[in-house]
Amino acid sequence: MDSSNRTRVSEFLLLGFVENKDLQPLIYGLFLSMYLVTVIGNISIIVAIISDPCLHTPMYFFLSNLSFVDICFISTTVPKMLVNIQTQNNVITYAGCITQIYFFLLFVELDNFLLTIMAYDRYVAICHPMHYTVIMNYKLCGFLVLVSWIVSVLHALFQSLMMLALPFCTHLEIPHYFCEPNQVIQLTCSDAFLNDLVIYFTLVLLATVPLAGIFYSYFKIVSSICAISSVHGKYKAFSTCASHLSVVSLFYCTGLGVYLSSAANNSSQASATASVMYTVVTPMVNPFIYSLRNKDVKSVLKKTLCEEVIRSPPSLLHFFLVLCHLPCFIFCY
């Protein structure tokens, strides 16, 4: 297309859930509540793991990292949407949009890699219990998390730079509540085939390889569990990875469901609604899944909350710590 028909983009319009103005207060309250529950729930998991030396193990080290990433993940999209609803202004700057895309991709990939590492951790714990502490030493745990960050940062940076190279036309409305990469690419006024090809190739590569690792880990885990003779032993072995399996299923099923629904349905509103499942709901329910299914986390949360309640004198910090543990504490009973 001729360069005269291109424009220097300064901002985009996030249409989000603006079709019905009467529902804006309800949507604002709902997303604010989910955001607060997510942040408080994941902070409570992190505080519980840090405060109890018994939880200073590889499994909980990875869980605390996952909770931190989930806080960052939901903070990438929801606060901007809440500000837009509050100010009745759906504008996001070009720089803000690219930045949002970068952090969105960064934390999605980190979630992906951390879930894979946690699957490997469960594989070693169940299939090689006698060598667990030797294999999953602190150096390896730190190295795996560091590599996950490096790969995720480079991938997000690469995808963002690909976005920067795209020329955009005058139609700059994004039918989403955040700068979803696929929606932004559709606004380009040039042939984006190469960009689409590269972006989808890297996404498929970075999604299928970790997923294959998870499948392999659980294949070996199931094989080991089936070889256990006692029913109690089978239940104990399975219970150690039940929470992780639930989170993995939720993360991949919701993410896959979004893109399948987008391909089958041309409704942008339906795509935006479906994406709420993996961008908001998944980070919100993760701490509750681990709290409900994990006796160690439940006991630490109860113990920490009780200590904060009886501690005196009351202060703002005291109130905040109690508030952080309250959601998971309620669901633990």
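Placed from the backbone N, Cα and C atoms, the Cβ positions cover glycine too.
Since we're looking at a predicted model, the values are computed, not measured.
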Membrane topology agreement for Gln159 and Ala272 per Swiss-Prot: yes
Proximity verdict for the transmembrane segment (101-120) and the transmembrane segment (273-292), three or more C-beta pairs under 8 Å: no
Ranked first among 26-50, 197-219, 237-260, 273-292 for CB pairs under 8 angstroms with the transmembrane segment (140-158): 197-219
In three-state DSSP terms, the structure that Cys97 (disulfide bond) belongs to: helix
Chain residues in Cβ proximity to the transmembrane segment (58-79) (below 8 Å; excluding those fewer than six residues from its ends, i.e. six or more beyond): 31, 34-35, 38-39, 42-43, 45-46, 49-50, 100, 103-104, 107-108, 110-111, 114-115, 117-118, 121-122, 125, 136, 138, 141, 145, 177-178, 247, 279-280, 282-284, 286-287, 290, 296
